[in-house]
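Novice: Pulled from TrEMBL, these are the listed features:
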DOMAIN    20-64  domain 'DUF6533'
TRANSMEM  54-75  transmembrane segment
TRANSMEM  87-108  transmembrane segment
TRANSMEM  120-145  transmembrane segment
TRANSMEM  165-189  transmembrane segment
TRANSMEM  210-230  transmembrane segment
Amino acid sequence: MESLQLSLAEAYAKLRFVNYVNLSGHTLVVIDFLHTFPDEVRLMWPAPLSVPKVLFFFTRYYILVHSIFTIRYETSVGLSAEKCRNVFILVFASSCFAVLWSEGILFFRVWAFGHRRRKIAMYLTMQYFTIHTPSFVFLILFLRTVRFPAPGGPDAPCLPPSAEYRYLGICFALALLSILTIMAIMVSIALRNYRNSENGLFGLFYRDGIFYFLCLSGLAVANSAVNFAAPVAYKMLLLEIQIVLHVVLSTRMILHLRMWASQDTSGEAMTADGMELTGVHYIRDIRIEHD
């Protein structure tokens with residue numbers, strides 16, 4: 001009995017640490033929202049209705065709802081093992097939903113920078129479904145194996161679940177593949193079309209793209225490694241951080257483009273490989289034009 005109490009105490013201590021890490025991600029969501037809200041009001045509210053605007057607002061505000069939902073789950077006590085499992089699956093589905101919307105921003109951004117070419121759109125659509133379809137399958141396989149132990153008491157939170165975490169590790173590996181391929185396309189387009197730009201668009205594109213790549217690829221590698229090698233209690237250690245950064249970075253990309261458009265008053269055309277594209281025309285291409 002004493003050994004059981006010690007093991008439960010150790011499990012709850014590990015769970016508390018993971019929840020603290022998750023709380024740092026939720027805090028980042030709030031800080032980012034407050035920090036960028038004035039820019040949102042100034043740059044996004046007056047913009048005409050468009051696909052990027054819908055993606056921006058839905059992603060930006062849904063992550064707040066998701067954070068509240070996740071915190072509610074992490075602080076719940078007295079749930080049965082079956083109830084813990086059901087709520088866990090709902091939280092996981094919410095996480096996937098947030099990531100899919102934020103990736104939609106990234107894919108649309110790449111398509112716009114590629115001059116809205118049909119071939120690029122076809123490839124991006126193919127890649128989106130080629131990677132996310134097997135990810136969805138492995139995610140379902142993972143969720144089907146999730147089993148929660150009985151809580152240690154009426155006032156105890158849900159313990160970390162046992163599951164076939166290798167399926168989740170494969171999902172993170174596929175996420176890394178998506179990031180690598182989309183970044184290769186972004187860099188190729190930037191070097192080909194915007195390298196000689198004198199109005200800062202290439203610098204903005206390069207800075208945001210590389211920072212996005214470094215953060216999310218690093219977290220995808222870390223999450224994949226954790227799911228294959230870490231103890232059960234730490235399997236979810238970096239999951240929420242990756243979801244939060246996915247959303248924060250993708251929405252900031254749109255804000256940065258709006259800022260660039262509001263500051264670019266030269267109206268001069270940028271020439272790349274015989275193609276002319278003005279800053280104003282570019283912003284119109286992604287349908288968040290500056291009025």
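Quick reminder: no glycine exception, Cβ is built from N, Cα and C everywhere.
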Novice: Which residues, given as numbers and ranges, are at least 6 beyond the ends of the transmembrane segment (120-145) yet have a Cβ under 8 Å from it?
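Specialist: For the transmembrane segment (120-145), the far contacts come to 89, 92, 96, 100, 103, 107, 110-111, 114, 163-165, 167-168, 170-171, 174-175, 177-178, 181-182, 185.
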Novice: Who are the chain neighbours of the transmembrane segment (210-230) in space, where the CB to CB distance is under 8 Å and they lie at least 6 residues beyond its ends?
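Specialist: Contacts with the transmembrane segment (210-230): 106, 165-166, 168-169, 172-173, 175-176, 179-180, 183, 237-239, 241-242, 245-246, 249-250, 253.
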Novice: Provide the three-state DSSP residue tally for the domain 'DUF6533' (20-64): helix first, then strand, then coil.
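Specialist: Computed counts for the domain 'DUF6533' (20-64) are 39 helix, 0 strand, 6 coil.
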Novice: I'd like to know the mean pLDDT over the domain 'DUF6533' (20-64).
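Specialist: Per the prediction, mean pLDDT sits at 94 for the domain 'DUF6533' (20-64).
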